[in-house]
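*Asks:* Okay, handing you the structure first.
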Amino acid sequence: MEKVYIAGAIPEVGLNLLKEHFEVEMYEGEGIIDKATLMEGVKDASALISILSTNVDQEVIDSASNLKIIANYGAGFNNVDVKYAREKDIDVTNTPKASTASTAELTFGLVLAVARRIVEGDKLSRTQGFDGWAPLFFRGREVSGKTIGIIGLGEIGSAVAKRAKAFDMDILYTGPHQKKEKEREIGAKYVDLNTLLENADFITINAAYNPDLHHMIDTEQFKLMKSTAYLINAGRGPIVNEEALVKALEDKQIEGAALDVYEFEPEITEGLKSLDNVVITPHIGNATYEARDMMSKIVANDTIKKLNGETPQFIVNK
C-alpha cells in the first residue's frame, strides 16, 4: 500500500478519504513541522500533503525518492519549489476556489474593521470605557459610495468586487491583463497601478505572489495614495514593503491599514502592532469550517487520482 505523508493536521473529511485508500502518516506535533522531521516522513512516501507554512525545497524533494505528487493545502504554492518538482516529474497541486468566499469575506471584513475603527473601539470599550455618545467622538470613514481599488482580479478579487458593489462602491482594478467579461459582470474599470493608487479610497491586495510582485507597494507607491486611503493586504505579505508601510502610517501619508498576511510571516514587522490605525489578523483568510473542509477534500481527491494513475484536477506545474 502506498504511503501518504501529511505535514500537519488537516480536517477529518479529507483525512478519512485518504485512509480509505492508502497508508497515512500525519505530523501531529506542535507548531510547524521542522525540516528534518519532514524529510524523514517523506523519504518513502508516494504523496506529500504540504501545508502552506511548510517549505518544500529541493532538499526535501530529493529526500523523497518515491514521490509522485505534492498536494499543497492552500490556494498559494510559493512554499513549494514547483519548477524543481516538475524536473523530478512530480505534480504539484493546490486548492483554488475553496478559499474564494472565505477570503473575500475576510478582505471586506478588514475594510469595514479599519474604516469604522471596530477593533480600536472594542479595545477602548474593554479597557477604558467611554462617556457615551458625542458628536465628535470616535469618527471613522464610511465605505458606501467610495472607490475600491483591487490589485488582482482573480477569483478572490472578483468576489471582493461583488461585495463592494453591494456597498455602491466604484470599482477599479489592476493586474497583468484586462478582463472585459469581468468588467461587464461586476462593473469594474481596468487602470494601471499608479492610477488605482491615486484614486482609490480602499486598496485591497488579492494577488498571488510571484517575484515580479515583490515590494510592488513601496515608498513611492505610498506617496501616490490619498492621505485618507486604507491599504488592505489579504494576498501575500511580500507584495508590500512593511518598513515603508510603517513609515507611511506614522507620517500620516495614509489613513490606515489592515493586514492578514505579512512580509516576514509569521513575524510581524516592528511598529505595526503599536499603531492604532492598523488591524492585524493571523492569516485567517480561509479559516472557516467550510473552506478548510473543502480544501482537505481537494488535496485528498487529487492525491487519490494521481496515485491511481489519473490526472489531478488542480496541477500548478504542468
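Glycine is treated like the rest: Cβ placed from N, Cα and C.
According to Swiss-Prot, the protein has these features:
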type: BINDING; residues: Glu155, Ile156, Ala234, Gly235, Arg236, Asp260, His283, Ile284, Gly285, Asn286; note: NAD(+) binding site
type: ACT_SITE; residues: Arg236; note: active site
type: ACT_SITE; residues: Glu265; note: active site
type: ACT_SITE; residues: His283; note: active site, proton donor
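Context for these features, please: burial, neighbours, distances.
*Replies:* When secondary structure is read from DSSP and collapsed to three states, His283 (NAD(+) binding site) falls in the coil class.
Cβ neighbour count for Arg236 (NAD(+) binding site): 22 (other Cβ atoms within 10 Å of its Cβ, all protein chains included).
Just so you know, the Cβ of Glu265 (active site) picks up 16 other Cβ atoms within 10 Å once every protein chain is counted. DSSP classifies Glu265 (active site) as coil under the three-state reduction.
Sequence-distant contacts (6 or more apart, same chain, Cβ under 8 Å) of His283 (NAD(+) binding site) comprise Asp260, Val261, Tyr262, Glu265, Pro266.
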*Asks:* State the count of C-beta atoms found within 10 angstroms of the C-beta of Glu155 (NAD(+) binding site), not counting that atom itself.
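*Replies:* That number is 18.
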*Asks:* Please find, for Glu155, Ile156, Ala234, Gly235, Arg236, Asp260, His283, Ile284, Gly285, Asn286 as listed binding NAD(+), the greatest distance between any two Cα atoms, in Å.
*Replies:* 18
*Asks:* In terms of DSSP three-state secondary structure, what is the assignment for Glu155 (NAD(+) binding site)?
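*Replies:* The three-state answer is helix.
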*Asks:* For the binding-site residues Ala234, Gly285, which one has its C-beta crowded by the most other C-beta atoms within 10 angstroms?
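*Replies:* Max Cβ neighbours within 10 Å, all protein chains included: Ala234.
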